[in-house]
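Peer 1: My questions will all concern the structure given below.
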Amino acid sequence: MLTFMASDSEEEVCDERTSLMSAESPSPRSCQEGGQGPEDGDSTAQWRIQDSEEDGEEDPDRYVSSGVPGRPPGPEEELTLKYGAKHVIMLSVPVTLCMIVVVATIKSVRFYTEKNGQLIYTPFTEDTPSVSQRLLNSVLNTLIMISVIVVMTIFLVVLYKYRCYKFIHGWLIMSSLMLLFLFTYIYLGEVLKTYNVAMDYPTLVLTVWNFGAVGMVCIHWKGPLMLQQAYLIAISALMALVFIKYLPEWSAWVILGAISVYDLVAVLCPKGPLRMLVETAQERNEPIFPALIYSSAMVWTVGMAKLDPSSQGALQLPYDPEMEEDSYDSLGEPSYPEVFEAPLPGYPGEELEEEEERGVKLGLGDFIFYSVLVGKAAATGSGDWNTTLACFVAILIGLCLTLLLLAVFKKALPALPISITFGLVFYFSTDNLVRPFMDTLAYHQ
């Protein structure tokens, strides 16, 4: 039973029978104030229903455009639009920061643009004069790289399906240790060499230790949300720099195209590994490990909060034009049907919405390959700023379109295909068409 505050400050108690009242057989309406009799209630109900029917006869489809027939496009649609824009900003800012860190490092630190080795996953070299042989080697490197990614993803899904959580945690902790300690040590050393900054080894070791220890605590246990997000962006940038340095040029572009296709298949196919991982997590009502996912809101993991399952409930109210006509909430705003959730114990009612907001989640692999594309554009070929900025804008446009599709389909979608496709198209078109045109134009001026 819900109580709505009318505009004339009269309180009416509406139950299920009164909310489903029809014009053909109006049910008597009970009112608790003012001594109003049943006859007055019937006449009031009939007047409201007739008025709504007359409005419906004028234009029966006037509210269909909002997506829900018979529902006015009011504040709820505006609220949805605001949250959509907020979610775009929540993901655009960290993606932008990650790409800025990578591009700034590529433009200033020569270590990450020097080719003095390759990954074990790309054994075929591209130092051949033959274009066909170079293309073949890049395709073979791509096949090996994608095969390794597929095998490791399936292995992770199998471990998660059989609840091997300790093994997964150990795997992720070892990866985080390598990124936060070893790769950070290498990165900091090269930055200090580039800018000719002297630092003794004890200070360097202490700095790396503090950085890595705090990162391990924030990522795998507890910590402020913004600090956790900053560490996830940092490890994504470090991993992207490793790929930029050790991936051959042609192999990098072919891998970017192939990984976007694989991401499409892995997420959208019924038996795709990433889709199975997401569906398994949803069935168990468990969050995916924070070390794999960037979240714009706090991700609750096992041990961070003890919630009472019996306290979580929802009440779905049916849509009733009569209630909507002069039903107002306690703040005087029009009240629309929605899902009311019981407050969790220990949280104030006014903070419930903020605490329950899950935010938007983006895989760290998407951060890495976005940054690889922009970093390769800045490091290889002409390396001019026009090409780099074109790839940067293309990735953000693709991310916005992906979020738009996410709002439409309301299910997990791959974040790489649109952004990587736009990035590759913008890179090759800018590098081969726009840049020569601008050089010629500047020469003749």
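Numbering starts at 1 and runs along the chain as it is shown here.
Glycine is treated like the rest: Cβ placed from N, Cα and C.
From a predicted model like this one, the values you see are computed outputs, not experimental measurements.
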Peer 1: Under the annotation given by Swiss-Prot, are K245 and C164 positioned on the same side of the membrane?
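Peer 2: For C164 and K245, the topology recorded in Swiss-Prot gives opposite membrane sides.
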Peer 1: Are there residues at least six beyond either end of the topological domain 'Cytoplasmic' (160-166) with Cβ under 8 Å to its Cβ atoms? List them, or say none.
Peer 2: 276-277, 280-281
Peer 1: Between D263 (active site) and D366 (active site), how far is it from one CA atom to the other, in Å?
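Peer 2: It is 10 Å, counting Cα to Cα.
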Peer 1: So if I exclude everything within five residues of the ends of the topological domain 'Lumenal' (109-138), which remaining residues of that chain have a CB under 8 angstroms from its CBs? That is, six or more out.
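Peer 2: 144-145, 148, 190-191, 193-194, 241, 243-251, 253-254, 375, 379.
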Peer 1: Return the residues near D366 (active site) by Cβ distance under 8 Å, restricted to its own chain and a separation of at least 6 in sequence.
Peer 2: A415, L416, S419
Peer 1: Residues sitting near the topological domain 'Lumenal' (383-388): Cβ under 8 Å, six or more positions beyond its termini, same chain?
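Peer 2: Residues 103, 374, 377, 427, 430-431, 434-435, 438.
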Peer 1: When the pLDDT values for the topological domain 'Lumenal' (245-249) are averaged, what is the result?
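Peer 2: The predicted confidence over the topological domain 'Lumenal' (245-249), as a mean pLDDT, is 91.
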